[in-house]
Amino acid sequence: MSATLFRTSTAARSALKAGAAKRAASVATTSFPAISGKIMELHHKNHHQTYVNSYNAASEQIAAAEQKGDIQAAIALQPVINFHGGGHINHTLFWENLAPSKNGGGGEPTGNVKSAIESSYGDFSNFKTKFNAALAGIQGSGWAWLVKNNETGHVEIRTYANQDPVVGKYTPLLGIDAWEHAYYLQYQNRKAEYFGAVWDVVNWKAVEGRLK
């Protein structure tokens with residue numbers, strides 16, 4: 001991931017914070033049966049913001065190292081960039097992935113997303129079962145994603161550890177956060193209940209918009 005993904009000027013950092021806040025506003029202030037408003041507020045305000053702040057700090061350190069010609073220091077910071085930059089990207093998509101039922105959340109996909117899922121998994125019920133199994137199989141922290149394979153054109157379920165972003169030949173369509181901070185306040189150790197309930201607030205219109 002390039003260290004130039006987000007510029008670290010004061011104006012850019014302010015814009016980044018404002019953009020993330022705007023995208024998550026309707027999610028962070030709404031109580032869902034699936035995910036409580038308190039969880040979303042803490043998730044956005046504390047966890048996501050930490051990724052933004054840490055990414056910006058690491059970017060500034062890389063820029064300073066490059067100015068001094070300290071390539072070793074710049075290379076050593078790349079895992080930090082990947083983790084916190086990935087955390088920002090993943091969470092930005094996550095907020096867009098969710099919507100209360102009154103705004104179109106939940107239900108089943110339609111149109112091209114429905115066709116793509118049925119082509120790869122037979123039907124939506126089978127897809128959801130496989131997706132939840134992928135979530136449950138994540139050891140520790142990570143994400144499960146519905147992605148488009150840009151080489152084959154098919155959609156696939158893939159899991160990523162920690163905050164690794166979806167890059168390369170895959171386009172992220174729908175991501176579900178399997179970190180404990182995404183559900184523990186409400187579901188505690190019953191993460192399978194969270195994996196089952198989150199489908200009630202999936203924003204399929206956003207997914208449709210990413211499927212090209």
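Numbers here mean position along the shown chain, with the first residue as 1.
Using the three backbone atoms N, Cα and C, a Cβ is placed for every residue, glycine included.
Some features that TrEMBL has for this protein:
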- 33-99: domain 'Manganese/iron superoxide dismutase N-terminal' (DOMAIN)
- His43, His91, Asp177, His181: Mn(2+) binding site (BINDING)
- 109-209: domain 'Manganese/iron superoxide dismutase C-terminal' (DOMAIN)
Tally of DSSP helical, extended and coil residues in the domain 'Manganese/iron superoxide dismutase N-terminal' (33-99): 57 helix, 1 strand, 9 coil
Which of His43, His91, His181, the listed binding-site residues, has fewest other Cβ atoms within 10 Å: His181
For the domain 'Manganese/iron superoxide dismutase C-terminal' (109-209), the number of residues DSSP places in helix, strand and coil: 48 helix, 24 strand, 29 coil
Sequence-distant neighbours of Asp177 (Mn(2+) binding site) in its chain (C-beta under 8 A, six or more apart): His43, Asn90, His91, Phe94, Trp143
Cβ-based neighbourhood (8 Å from the centroid) of the Mn(2+) site, residues His43, His91, Asp177, His181 excluded: His44, His47, His48, Phe94, Trp179, Ala182
Within the predicted model, mean pLDDT of the domain 'Manganese/iron superoxide dismutase N-terminal' (33-99): 92
